[in-house]
Amino acid sequence: MVRLTLDLIARNSNLKPRKEETISQCLKKITHINFSDKNIDAIEDLSLCKNLSVLYLYDNCISQITNLNYATNLTHLYLQNNCISCIENLRSLKKLEKLYLGGNYIAVIEGLEGLGELRELHVENQRLPLGEKLLFDPRTLHSLAKSLCILNISNNNIDDITDLELLENLNQLIAVDNQLLHVKDLEFLLNKLMKLWKIDLNGNPVCLKPKYRDRLILVSKSLEFLDGKEIKNIERQFLMNWKASKDAKKISKKRSSKNEDASNSLISNFKTMHHIVPVYYPQVGKPKLAFFSEIQRYPVNANASPESS
């Protein structure tokens, strides 16, 4: 295995010191270091590289993030496909904008408090034990709420992403090949993420639910791409018109049901208050039987008696 040292950087960076310039002075000027796929398993003290802004260390054997406290100007850090199990020792990287940690052994997204400039976080394809899923530390989510714009959490056995509602400036979410199941949970999240214009959920069970795409388009006005497919204005307008028509029918049916209930109630009350009784009265020919309510048994004329007709 190989350790990343200043000497290794000096020997492999094609440094060309000017006259009377030392190697140390050259190292201070370095802004980019690329040691990807070099069997590196540890990072030594690189404090001389104070102007380092981009560090490529992907496809190595690094198990622990160390000795980066000096890199206060670092904006891009590539550590994907290593052996890292814990996100740590990054809080001094105040200017960090992009962090790539995919393909490691990370079980909890944590330790990112204080990284107020972090805009992209890539933690896809973690090599987790069977049955485990990637989790989010609420403290880290709160810390990234204002800054994070792009998040990749694909293939991590995740079954719930409602906690991501805190990421109010998130505009791209890639969460393919997880275990998301409920459309209602996604509707809740999209209602919160008002700036989200791209979401990819391919490979989740929820994608097979009836009206899955229609429901997500209807709930989010900002969404432009869903599962890699553009949402055209004509598609959204059609769904909005369909929903408006459906809602109008529901309201009409509800009103009709209320009117019917009121009518039935009135009839029932009338029958209860005024009992129907039979009345016999003499008539030429065969006697007839008439039915009147109690309030109809007597004529309006007070001078007439019931037997006078």
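Glycine too: its Cβ is placed from the backbone N, Cα and C atoms.
Computed over the domain 'LRRCT' (204-242), the whole-number mean pLDDT of the model equals 95. According to Swiss-Prot, the feature domain 'LRRCT' maps to 204-242.
Under the heading repeat 'LRR 1', Swiss-Prot lists 29-50. Listed by sequence, the residues of this chain that lie at least six past the ends of the repeat 'LRR 1' (29-50) yet keep a Cβ under 8 A from its Cβ atoms are 1-6, 8-9, 12-13, 15, 56-68, 70-73, 78.
Non-local neighbours of the repeat 'LRR 2' (51-72) in the same chain are 1, 4, 28-45, 78-90, 92-95, 100; each lies 6+ residues outside the stretch with a CB under 8 Å from one of its CB atoms. Taken from Swiss-Prot, the feature repeat 'LRR 2' covers 51-72.
Annotation source Swiss-Prot lists repeat 'LRR 3' at 73-94.
Secondary structure counts, DSSP: the repeat 'LRR 4' (95-116) has 0 helix, 5 strand, 17 coil. According to Swiss-Prot, the repeat 'LRR 4' annotation covers 95-116.
Note on the repeat 'LRR 7' (169-190): DSSP counts are 8 helix, 3 strand, 11 coil. Residues or ranges marked as repeat 'LRR 7' in Swiss-Prot: 169-190.
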### Beyond the flanks of the domain 'LRRCT' (204-242) by 6 or more, those residues with Cβ under 8 Å of it
175-183, 186-187, 190-191, 193-198
